[in-house]
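*Asks:* I have a structure I would like to understand better, so I am pasting it below and will then ask my questions one at a time.
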Amino acid sequence: MNIIDELEWRGAVNQQTDEEGLRKLVEEKKISLYCGVDPTGDSMHIGHLIPFMMMKRFQLAGHHPVILIGGATGTIGDPSGRQSERQLQTLEVVQHNVDALTAQMKKLFDFGGNSEVKMVNNYDWTHEINIIEFLRDYGKNFSINSMLAKDIVASRLDTGISFTEFTYQILQAMDFHHLYTKEDVQLQIGGSDQWGNITSGLDLIRKLEGHEAKVFGLTIPLLLKSDGTKFGKSAGGAVWLDPEKTTPFEFYQFWVNTDDRDVVKYLKYFTFLTKERIDELAVKVETEPHKREAQKVLAEEMTKFVHGEEALLQAVKITAALFSGDIKSLTADEIEQGFKEMPTFQSSKETKNIVEWLVDLGIEPSRRQAREDINNGAISMNGEKVTDVGTDVTVENSFDGRFIIIRKGKKNYSLVKLG
């Protein structure tokens with residue numbers, strides 16, 4: 001299957017500037033292509049992954065991805081998809097974010113071998129251009145009329161857009177031109193909101209290098225969930241690639257909780273599984289939805305891709321322990337991951353009677369209720385039922401001197417931090 005055919009089968013193509021020309025080009029040779037991300041934060045979220053998964057597919061097909069980190073454009077702010085002006089960040093914050101995103105990209109891509117990936121920062125060539133050069137060499141090639149007609153600008157005319165953000169499309173066009181002349185990049189990939197910026201780059205290259213220049217643009221559809229909401233958010237907000245912001249367990253859970261109506265689409269979009277394997281899983285969704293095999297495979301593939309094999313095994317272990325209620329085998333670090341979103345209480349490390357302890361923490365409303373729940377077998381500590389109201393809670397009951405897990409009833413877990 002041709003790479004373009006595969007992308008279309010996966011539902012990953014929204015618009016192309018010249019489908020026939022691009023298809024012919026990738027059949028004739030291995031091309032260089034690029035996609036950029038601005039360092040507006042110190043971590044990407046799963047929404048950012050979508051174009052870079054496409055870049056990875058090109059890499060696996062033998063093509064040469066160039067990943068651009070927008071050290072320059074990140075100081076300006078992309079107006080695409082926004083109703084208001086971005087807050088400008090200091091150069092120090094931008095550089096911190098550049099370093100963080102660079103580290104994340106290095107985990108996702110193989111920076112060696114026959115299909116080497118390059119990482120570039122547009123600050124390296126942009127910061128040397130003075131204002132006169134910018135206006136004469138680049139600004140002269142842009143019509144205000146066409147810039148105003150771009151959706152990214154037109155959508156902001158009523159609310160207002162600064163000259164800074166207005167010129168963003170020129171800076172991105174300069175990036176494409178630079179990479180075309182220096183790295184032989186012929187294709188830019190981006191989200192559906194980047195169409196205007198991409199076509200600005202194509203126009204600039206043809207004006208400066210001649211209309212015979214073979215350059216192309218391709219955008220990816222906006223990914224929506226079956227309920228019509230935008231993909232990429234959980235109940236707790238964005239799902240980040242940084243394990244400090246979204247733990248591997250939470251990351252795994254996001255995917256494993258995918259709706260049956262969405263899971264096949266996500267398998268096509270995000271995994272590198274074959275068409276045959278995805279078709280098999282699609283049948284399972286229809287015939288055995290209760291087993292949620294497709295969701296488990298999706299969660300495993302994505303967690304392994306982003307966080308690695310060890311983190312995946314840990315996430316699966318935590319999931320199994322929570323499902324069974326047998327949490328004794330978990331480490332303190334695994335407890336911290338698995339119970340991060342549970343009600344959390346603070347306790348000293350001094351020895352205390354279980355009844356007094358539960359009431360003091362606020363897990364139980366009264367001593368009478370605490371005694372009643374214990375006598376009825378409704379209270380478990382670290383996976384074991386508490387049957388004696390005279391039980392003392394000591395630091396020895398904890399995971400590594402850090403945590404105690406209380407379960408009240410079948411599903412009401414609480415995390416108690418000792419300190």
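Heads up, residue numbers simply count up from 1 along the chain you see.
Each residue, glycine too, has its Cβ placed from N, Cα and C.
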*Asks:* Would you please say which range out of 39-48, 79-88 has the annotation motif ''HIGH' region' in Swiss-Prot?
*Replies:* 39-48
*Asks:* In Swiss-Prot, which of the ranges 230-234, 290-294, 350-354, 390-394 has the motif ''KMSKS' region' annotation?
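*Replies:* Comparing 230-234, 290-294, 350-354, 390-394 with Swiss-Prot, motif ''KMSKS' region' matches 230-234.
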*Asks:* According to DSSP, does Y34 (L-tyrosine binding site) fall in a helix, a strand, or coil?
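*Replies:* DSSP call for Y34 (L-tyrosine binding site): strand.
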*Asks:* What is the number of other Cβ atoms found within 10 Å of the Cβ of Q172 (L-tyrosine binding site)?
*Replies:* 29
*Asks:* The record lists Y34, Y168, Q172 as binding L-tyrosine. What's the largest Cα to Cα distance among them, in Å, rounded to a whole number?
*Replies:* 18
*Asks:* Note down the number of other Cβ atoms within 10 Å of the Cβ of Y168 (L-tyrosine binding site), including every protein chain shown.
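*Replies:* By my count, 24.
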